[in-house]
Structures are given as C-alpha cells and as structure tokens.
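> I have a structure I would like to understand better, so I am pasting it below and will then ask my questions one at a time.
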Amino acid sequence: MRTLAVETSCDETALAIYDDQKGVLGNVILSQAVVHSPFGGVVPELSAREHTRNILPIFDRLLKESRINLEEIDFISFTLTPGLILSLVVGVAFAKALAYEYRKPLVPVHHLEGHIYSVFLEKKVEYPFLALIISGGHTDLYLVRDFGRYDFLGGTLDDAVGEAYDKVAKMLGLGYPGGPIIDRLAKEGKKLYPLPKPLMEEGNLNFSFSGLKTAILNLLKKEKNVRKEDIAYSFQETVVEILLEKSLWAMKKTGIKRLVVVGGVSANSRLREVFKKASQEYGFELYIPHPSLSTDNALMIAYAGMERFKRGVVAPLDVNPQPNIPLEEFGRIWT
C-alpha cells in the first residue's frame, strides 16, 4: 500500500510518499526558519501564510521527483493534532481536498505518534518500550505498549526543552533556531557553571526548564565577562543530564529497558553521545532516528498513517484540526 502524507503542524511544510513494501518513494520538506529568525521564534500567522504559499509547489515537486501520480496512492495521511491551529488548518484542508478530488480515504495522525514511529522507518522496536519526545513544543515521557496504546508518564510543567534552547540562544544573541547553534557553540565551552535542576527527586518524571532559563539570565546579569561558549556548554550539559536521569528513572519504574528518543532535540550531538554511552553503561536498548528524521517531516506521518489505515482507521471529510489532543486520548479515539 502507498500513502501520501501531509505535515504542517508548525513551521515545516512537509509532504512524503511511503510504500509499506518499497519504503520511501518521495520526501520534501521546506523549513521556515529564515522567515521566523528575525522574531526569535515561530510566529503563527507567518507560519500559516508560508504553508499556504508553499504547499502546492512542494506537492508538484514531490510528484515530479517520485514519478508517481495520485491514482497510485491508496490513502492520504495527515497531521490532525497537536500544533499551531492556523498551520494545521492549511495541511488538513489540503489533505481533505486531495481525498475528495481523488476519492481517497483520509487517515488522521497524531504529531507525537509520528515522532515516536520515526525510528521504525529505520528499525522496528519491540513492544513495550519507553519514548522520550523532546522538541520545541514537547518534553514528554510515554510508555508505548503497542501501536495506539500510550501511557503518559510525565511531561514538562512549563517550557519544552527545545523552547528553552531557543530562549537561551536569544539571551546570548545567537539567533534562531537555538538548538543547533548552542550545540555547536557548546563544543568550545570550557567552564561549567553550576545550574539548577528542578524536579529531580528520584521517581519524579515531570520536567521543568523555566528555572534553568532564569538562572542563566541572572548569570548573564551578574557576570559581565562570561563567555557565550561556557554558557552554552553549561546549559547543554545540565539539560542532557536532566533528560537522561528522568529516562533512567522511567526504566526503573517500569522495568522496561528499551528507550526511543525522538523529536527535534534528539538531533543534538551531545545528547546522542551521552545517551549512547549510558545505554552501554546501564544496559538498555537505545533507538534514536537519523537527524533528518528527528525534525518535523511527513515520512513519520506516513508511517504512522500506514499503521492506522491497516487497523481500519479512516476520518470523515468534515474532520477538523485540533490544537492539542493528548496522545493517550488520541490513541483511544482513533482506533
């Protein structure tokens, strides 16, 4: 079977074609980072406008590069939730238009579910497993019992980890998106400043990054000659330590020794290095997708959509996007 997938939940316009036997047949992503960079973050109205401007040219490019026409597609997968509502509207409307015009079934996908199954595009993971989802909008831990069966273990109480990266980068005058910039700059850091690690009582699987962000702001005000490289290094080491400790506690609590780490922040080189070393030291299976699959893309939506379609899930043409349906609830609704 083949699906065409649509992803417009934030600031990437992405389309892909995936075949459950042949694999990836087409994949196109257009980032809006340059558009949002002057503002230090994503501006929802601008994001929606760029999606509207770009989705048809990207669609044409996808069909040309894949040499596939819509008659060869079995169904349309699309991101229904969560995301910026104005951005979601563009992708959902486009998916619905294709489904109506070409009489194709419409299959809804949860954005976080897509991230979880991005690793399956490279290697299947045995159930059950733990999923750490880390991005600009999410920092969550889930127990994945099977496809569509998700137990929420903990999440951020304030900023998402990717959001914290962007805000610290803005404090340092580094530009947007902050994650890749801090990752590169941290490699040149030498001095490790002690920074707070909130909610670190053993067994607490929730996250908090606002205090860490405030501590860096205070440090910058207090020490005038502080090196940006050292701040980036200190911030990143602290963040990676928090994420690893929480993951280890989740393993201890559940007894599960398989960990999937996904989302845009999973592309971070230091995080990959530390988690890989920890997997060898503590004896757990670690799965992190290739960096090209870590950030938002339509291939992950295609894979998850394929799994949903095989289970008989189809949405009506009057389905509307939702800004934030919890993953565990989505798994129960769309089964």
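Using N, Cα and C of the backbone, Cβ positions are placed for all residues, glycine too.
Residues annotated as Fe cation binding site in Swiss-Prot, with sequence analysis given as evidence: H111, H115, D296. Per Swiss-Prot, substrate binding site is recorded for I133, I134, S135, G136, G137, D166, G179, D183, N268, and the stated evidence type is sequence analysis.
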> How many whole Å apart are the CA atoms of N268 (substrate binding site) and H115 (Fe cation binding site)?
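N268 (substrate binding site) to H115 (Fe cation binding site), Cα-Cα distance: 15 Å.
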> Please identify, from the binding-site residues H111, H115, the residue with the sparsest Cβ neighbourhood, meaning fewest other Cβ atoms within 10 angstroms.
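Counting other Cβ atoms within 10 Å of each of the binding-site residues H111, H115 gives the minimum at H111.
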> How many other Cβ atoms are found within 10 Å of the Cβ atom of G179 (substrate binding site), counting all protein chains shown?
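Its Cβ shell of radius 10 Å holds 25 other Cβ atoms.
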> Show me the subset of I133, G137, G179 whose Cα is within 10 Å of H115 (Fe cation binding site); these are the binding-site residues I mean.
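The binding-site residues close to H115 (Fe cation binding site) (Cα within 10 Å), listed in sequence order, are I133.
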> Closest of the binding-site residues to D296 (Fe cation binding site), Cα to Cα, picking from I133, S135, G137, G179?
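For D296 (Fe cation binding site), the spatially nearest of the binding-site residues is S135.
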> Beyond the listed site residues H111, H115, D296, identify every same-chain residue whose Cβ lies within 8 Å of the center of their Cβ atoms for the Fe cation site.
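The surrounding set, listed in chain order, is E7, S9, T79, L112, G114, S118, S135, G263, N297, M300, I301.
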> For the binding-site residues S135, N268, which one has its C-beta crowded by the most other C-beta atoms within 10 angstroms?
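Of S135, N268, the one with the most crowded Cβ is N268.
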> Across all chains shown, how many C-beta atoms besides its own are within 10 angstroms of the C-beta of G137 (substrate binding site)?
22
> Starting from the Cβ of I133 (substrate binding site), draw a 10 Å sphere and report how many other Cβ atoms land inside it.
26
> Please give the greatest C-alpha separation between any two of the substrate-binding residues I133, I134, S135, G136, G137, D166, G179, D183, N268, in angstrom, as a whole number.
18
> Round to the nearest Å and give the CA-to-CA distance linking H111 (Fe cation binding site) with I133 (substrate binding site).
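About 11 Å separates the two Cα atoms.
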